[in-house]
Amino acid sequence: MHRFLLMLLFPFSDNRPMMFFRSFIVFFFLIFFASNVSSRKQTYVIHTVTTSTKHIVTSLFNSLQTENINDDDFSLPEIHYIYENAMSGFSATLTDDQLDTVKNTKGFISAYPDELLSLHTTYSHEFLGLEFGIGLWNETSLSSDVIIGLVDTGISPEHVSFRDTHMTPVPSRWRGSCDEGTNFSSSECNKKIIGASAFYKGYESIVGKINETTDFRSTRDAQGHGTHTASTAAGDIVPKANYFGQAKGLASGMRFTSRIAAYKACWALGCASTDVIAAIDRAILDGVDVISLSLGGSSRPFYVDPIAIAGFGAMQKNIFVSCSAGNSGPTASTVSNGAPWLMTVAASYTDRTFPAIVRIGNRKSLVGSSLYKGKSLKNLPLAFNRTAGEESGAVFCIRDSLKRELVEGKIVICLRGASGRTAKGEEVKRSGGAAMLLVSTEAEGEELLADPHVLPAVSLGFSDGKTLLNYLAGAANATASVRFRGTAYGATAPMVAAFSSRGPSVAGPEIAKPDIAAPGLNILAGWSPFSSPSLLRSDPRRVQFNIISGTSMACPHISGIAALIKSVHGDWSPAMIKSAIMTTARITDNRNRPIGDRGAAGAESAATAFAFGAGNVDPTRAVDPGLVYDTSTVDYLNYLCSLNYTSERILLFSGTNYTCASNAVVLSPGDLNYPSFAVNLVNGANLKTVRYKRTVTNVGSPTCEYMVHVEEPKGVKVRVEPKVLKFQKARERLSYTVTYDAEASRNSSSSSFGVLVWICDKYNVRSPIAVTWE
């Protein structure tokens with residue numbers, strides 16, 4: 001029986017050595033036949049050492065005792081996944097006693113509980129300068145195969161964005177599969193969607209069995225989020241795409257000839273970290289070139305961050321990993337996915353808007369945003385708070401808070417917060433309201449989100465909302481009219497979205513995060529036929545394309561652009577691609593003014609490196625950046641050494657023992673060869689000078705003499721040595737040092753920002769500088 005269990009769990013041939021962690025799993029899996037265990041169970045991510053021999057497995061197996069196999073208190077551990085590519089280890093549901101046994105077994109490194117991560121929930125390609133048949137989108141630059149793996153809610157394979165017309169056969173290097181499942185056949189894949197897998201064991205261990213009346217236990221997308229991100233990154237060109245006539249035009253992914261591999265690890269209530277790791281692990285094994293992750297959790301140390309650890313494994317295999325920054329802005333230090341080997345993407349505006357004019361009874365006009373395209377509403381009475389419902393939640397229009405006798409036929413005012421935006425509209429409609437005015441709070445500022453509401457609705461910024469509420473407070477019979485203007489172009493853009501999470505990074509403050517901004521507000525892309533555009537079950541509408549917002553939408557823009565760069569520069573490392581995207585980013589808008597920040601105090605405030613990183617992505621310039629900052633696995637490991645990580649914690653990333661260099665004690669985390677600079681100064685401390693070293697690689701003109709230009713952060717003197725970098729050949733590497741001298745301490749915590757640029761002919765290699773006083 002011993003041998004049967006061993007072969008059933010871990011089959012192997014005589015000429016294939018077993019990994020040590022597999023022997024470790026067999027050992028703890030079977031050793032519990034000999035002991036009683038406590039009944040409380042929880043799912044864990046477990047990291048183990050990566051050494052292996054079949055002899056160890058056999059010797060452990062032969063040492064087992066099973067005399068208590070029939071004990072009534074016996075509880076079998078549940079092993080969900082074995083991780084071999086993204087990390088070394090496995091996930092399992094264990095009792096407390098079983099976890100203790102695992103911790104005391106040779107080869108164990110660490111364990112932490114599974115958790116649910118959150119999703120960070122088209123014309124944008126044209127706004128970024130990508131047009132069919134021109135420049136980067138001509139046939140020459142699109143000739144090679146690049147595979148984008150998206151970890152999300154799945155995909156809708158029949159969607160028009162995923163046609164494989166004129167695509168070449170699937171690359172022979174592809175090792176993935178198209179897994180069967182509920183309402184998903186292997187025949188659903190084609191030359192565009194070349195891989196499909198679903199991961200739900202971790203989710204079900206936390207939440208319970210998936211409700212297959214509302215979701216599919218397969219890669220099929222029941223929510224729409226995964227279809228939206230996949231079509232944004234790599235969707236085919238679709239003419240006349242629109243949302244009920246709005247935003248009509250050409251829809252396309254950033255790299256429309258790329259292949260797609262869909263890994264469904266996100267379900268109705270979120271994404272279990274164990275499932276996300278399993279999806280990344282499979283993507284690495286399958287052979288993707290880019291991994292796109294529009295999801296994340298709260299910021300935490302990298303050694304307990306599943307995306308940071310699994311993303312490191314992908315980076316080691318030369319895979320570019322793009323992650324959303326999160327939707328917790330504009331509060332500072334909310335950015336997630338901040339590991340330096342990940343590309344962290346903030347959300348920005350395009351110049352496309354959906355204006356609606358609200359004219360209130362005192363003849364003032366307020367400008368909002370709406371996807372409704374019906375007839376105007378004229379002189380309807382307004383209802384708000386106590387004039388709309390008797391419950392305290394009426395101010396937010398939460399479920400069952402409004403009274404029909406108070407709101408029927410009226411325009412209802414709802415404040416943002418406490419419930420979903422489209423759910424507020426559902427409550428207004430349920431209560432007989434004619435329309436909704438959704439007012440931003442001070443925290444949300446002037447953000448104008450165009451949501452797919454179930455009734456006529458207008459989003460208003462904080463200032464106009466305040467004007468509206470002041471009018472309402474002083475009017476006996478307040479009324480309003482609304483005129484819907486459809487789709488408009490030419491608004492000031494780009495601009496950082498207020499909801500986009502901000503730096504500095506809590507886990508790694510010496511690395512400026514986020515890295516880059518990309519379109520993430522009111523983005524049109526493909527949608528699932530099994531989900532309403534509002535995500536409300538009461539909404540019977542079905543659409544081919546939907547308009548939604550979030551850093552979730554920004555992330556696949558960068559994933560697709562990274563694939564585009566990879567198709568032109570197949571030998572570039574993930575760090576080189578990241579550097580090219582960052583150092584060529586735009587910092588001015590379409591009015592030639594500094595890119596603004598919707599979440600900052602003051603309507604004209606310029607965005608900083610903690611809002612948009614290096615700037616807004618410019619794909620055309622990114623393909624020819626001149627210089628790049630390359631970073632190796634060893635560089636990243638030395639960075640972890642500089643964080644004073646123990647050898648055990650570094651082992652989580654390296655997979656094998658890594659000895660920190662003797663000079664690591666004098667290295668700063670800021671010495672990582674990164675395309676931006678984060679300088680941290682402590683008020684009142686003796687440390688007034690910080691010095692960083694950088695090395696750049698010439699990927700532009702073989703001979704070029706770069707001159708440095710510095711715009712100093714307020715309160716800091718910046719010195720660069722040398723001031724000139726003379727390159728004589730392609731791929732030559734030259735180094736420089738930057739010294740930051742604080743002029744004086746600050747009285748409180750604050751930040752100031754500057755820029756360092758290397759200039760030669762057409763090249764402007766720009767790196768942002770962020771200085772923080774603590």
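Yeah, the Cβs are placed from backbone N, Cα and C, and that goes for glycine too.
Marked as signal peptide by Swiss-Prot on the basis of sequence analysis: 1-39. The N-linked glycosylation site annotation in Swiss-Prot covers N36, N138, N183, N211, N385, N477, N644, N657, N747. According to Swiss-Prot, the domain 'Inhibitor I9' annotation covers 56-120, on the basis of sequence analysis. Here Swiss-Prot flags D152, H225, S552 as active site, charge relay system, drawing on sequence analysis. The domain 'PA' annotation in Swiss-Prot covers 379-472.
Known features from Swiss-Prot, placed on the structure.
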{"residue": "D152", "record": "active site, charge relay system", "contacts (Cβ under 8 Å, 6+ apart)": "L119, D221, H225, G226, T229, A230, A262, Y263, K264, A265, C266, S292, S294, L295"}
{"residue": "N183", "record": "N-linked glycosylation site", "contacts (Cβ under 8 Å, 6+ apart)": "F216, S218, R220"}
{"residue": "N211", "record": "N-linked glycosylation site", "contacts (Cβ under 8 Å, 6+ apart)": "A268"}
{"residue": "N385", "record": "N-linked glycosylation site", "contacts (Cβ under 8 Å, 6+ apart)": "A394, V395, I413"}
{"residue": "N477", "record": "N-linked glycosylation site", "contacts (Cβ under 8 Å, 6+ apart)": "G361, P381"}
{"residue": "N644", "record": "N-linked glycosylation site", "contacts (Cβ under 8 Å, 6+ apart)": "none"}
{"residue": "N657", "record": "N-linked glycosylation site", "contacts (Cβ under 8 Å, 6+ apart)": "S647, L651"}
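Break the domain 'PA' (379-472) down by DSSP state and the numbers are 33 helix, 20 strand, 41 coil. Over the domain 'Inhibitor I9' (56-120) the predicted model carries a mean pLDDT of 72. Under the DSSP three-state reduction, H225 (active site, charge relay system) is assigned to helix. Shown are the active-site residues H225, S552; the one with the most C-beta atoms within 10 angstroms of its own C-beta is S552.
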